[in-house]
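Take a look at the structure below.
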Amino acid sequence: VWARVRPHPGKSEFHSGPLGDGGGSERPKWDNKLQYLLSCIGFAVGLGNIWRFPYLCQTYGGGAFLIPYLIALVFEGIPLFYVELAIGQRLRRGSIGVWTAISPYLGGVGLGCVTVSFLVSLYYNTVLTWVLWYFLNSFQSPLPWSSCPLDVNRTGRFEAECQASSTVSYFWYRQTLNITADISDSGSIQGRLLACLAASWAVVYLCVIRGIESTGKAIYFTALFPYLVLTIFLIRGLTLPGAVEGLIYFASGTGLAFIIFTEAILHMPGAPGWAVLFFGMLFTLGLSSMFGNMESIITPLLDMGLTHRSIPKEVLTGLACLLCFLSAICFTLQSGNYWLEVFDNYAAPLNLIIFAFLEVIGVAYVYGLQRFSDDIVCMTGRRPSLYWRVTWKVVSPLLLLTIFVAYIAVLVWTPLSYRAWNTQYARFPSRQEKSYPGWVQATCVLLCFLPALWVPGVALVQLLAKHRRKQKDTWQDRRPKLQDGGAS
């Protein structure tokens, strides 16, 4: 394979030949360009835009945050997105096959991307589990988070925890998560969350069971419906009194969707209807992102031929979803929310920076920018402009390297801590700042670097294999001479 993709000046080997096809004749295709566009939108826009981005934006300066965000988007995000779409479309392979074809030493990038997709899918679908729980509880009036429940003794008094905090916080932390006061106290599995987790993975499986054939049909609804609902909520939100002042609540953290939005819904006329609409929108928004996550796991496995041809894709998809479901059960524990924050903060960010840097270096310098431009001409009929070529070759690598160094510095100098919901805390209902135990800190470091270890690991294996082949060839070349010498 390496011999066939070795760079040749002014020529792209992918213009013809088996590598360019990549087995594409056997691959399913989108029915039309609209399906492909909607799938990209659905994968790029997900729960993070509702659940995480507003919180980060408000935490890091509000409007000022948008300046570095837009700079990174223009000079890093969009160029890298272009690279991944183009190289995937040209080679028509999964992540492992693509980077192994570009260079066997980069095969670890593909394996690392699959690992990150697996880890992200675990906690991402757990958020869908919470959304589904709220969605099911929205079909009642009044909404269950609109008032405090009576205490367990039914003495006519309300739950003290609810009165000390708020109805929406109590429903989230106690009636949904039943959260413990410390990450070391795992607690028990919450049956209602386990059932919702199983239902969420069942829905994901049914939507991706036949790959593009099934997701292409579902994407029309899952990609478009959220924008309709978000537009309705935008208009409604801007017409409410105190809309601008309400932005301060965006600093509430990752519980934004389950605390602040539920509080806002209570003040709307016909609150149950708005709740059904909102959480239905959140579920479809997350579902469209899960399509891409699962395909990025299943497609490379099929490309590697790890399973027998007699095993249909539907079975492999089911096994992948089952493995993810079993692995995600830990998030249904009473301490599951703390562990979800660990995965969200440490499993993907650093690894994605490393993989993005290696991807742009692999395309611009290993595969060759000229060859890549020729491939784009072959696909689109147009050569990439100077903007694309400069960002791929210079700007994006430097920007990613800068972000990597800054992230490592923040990781080293910032203590690893979390905010616990502790009813015994003197400043309750404020959450208590706690340091992670040593074994949890070790888990954080492991999540930060584990997927990236595929890169040096695969490169070392390839180097040893090459050295072994060279020794074998040398031994075979010498063997006839020794036999001739013995005969004489």
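Any Cβ shown, glycine's included, is placed from N, Cα and C.
Just so it is clear, the model here is predicted, and its values are computed rather than measured.
Noted in TrEMBL for the protein shown:
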type: BINDING; residues: Gly42, Val45, Leu285, Ser289; note: Na(+) 1 binding site
type: BINDING; residues: Ala44, Asn49; note: Na(+) 2 binding site
type: REGION; residues: 1-25; note: region 'Disordered'
type: TRANSMEM; residues: 34-51; note: transmembrane segment
type: TRANSMEM; residues: 63-82; note: transmembrane segment
type: TRANSMEM; residues: 102-124; note: transmembrane segment
type: TRANSMEM; residues: 193-212; note: transmembrane segment
type: TRANSMEM; residues: 218-235; note: transmembrane segment
type: TRANSMEM; residues: 247-268; note: transmembrane segment
type: TRANSMEM; residues: 274-294; note: transmembrane segment
type: TRANSMEM; residues: 315-334; note: transmembrane segment
type: TRANSMEM; residues: 346-369; note: transmembrane segment
type: TRANSMEM; residues: 390-416; note: transmembrane segment
type: TRANSMEM; residues: 436-465; note: transmembrane segment
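Overlay of TrEMBL annotations on the structure.
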residue: Gly42; record: Na(+) 1 binding site; Cβ contacts under 8 Å, 6 or more apart: Ile219, Thr222, Ala223, Ser288, Ser289, Phe291, Gly292
residue: Ala44; record: Na(+) 2 binding site; Cβ contacts under 8 Å, 6 or more apart: Phe81
residue: Val45; record: Na(+) 1 binding site; Cβ contacts under 8 Å, 6 or more apart: Pro226, Leu285, Ser288, Ser289
residue: Asn49; record: Na(+) 2 binding site; Cβ contacts under 8 Å, 6 or more apart: Leu285
8 Å Cβ shell about Gly42, Val45, Leu285, Ser289 centroid, Na(+) 1 site members excluded: Ile41, Phe43, Ala44, Gly46, Leu47, Asn49, Thr222, Ala223, Pro226, Gly286, Leu287, Ser288
Cβ-Cβ under 8 Å with the transmembrane segment (390-416): same-chain residues at least 6 beyond its ends: 72, 75-76, 79-80, 83, 349-350, 353-354, 356-357, 360-361, 363-365, 369, 372, 435-436, 440-441, 444, 448
Cβ atoms near Ser289 (Na(+) 1 binding site) (within 10 Å, other residues, all chains): 24
Cβ atoms near Leu285 (Na(+) 1 binding site) (within 10 Å, other residues, all chains): 26
Among the ranges 102-124, 315-334, 346-369, the one whose Cβ pairs under 8 Å to the transmembrane segment (274-294) are most numerous: 102-124
For the transmembrane segment (193-212), distant same-chain residues with Cβ under 8 A (at least six beyond the ends): 28-30, 35, 125-126, 128-130, 132-133, 136, 176-177, 218, 222, 287, 290-291, 294-295, 298-299, 313-314, 317-318, 321-322, 324-325, 328-329, 331-332, 336
Long-range neighbours of the transmembrane segment (102-124), counting only residues six or more past its ends (CB under 8 A): 1-2, 5, 46-47, 87, 94-96, 286, 289-290, 293-294, 296-297, 300-301, 324, 327-328, 331, 340, 343-344, 347-348, 351-352, 354-355, 358-359, 362-363, 366-367, 447, 450-459, 462-463
Same-chain residues near the transmembrane segment (315-334), Cβ under 8 Å, at least 6 residues beyond its ends: 118, 121-123, 125-126, 129, 177-180, 185-190, 193-194, 197-198, 201-202, 204-205, 208-209, 211, 294, 297-298, 301-302, 307, 340
Contact call for the transmembrane segment (63-82) against the transmembrane segment (346-369), three or more Cβ pairs under 8 Å: yes
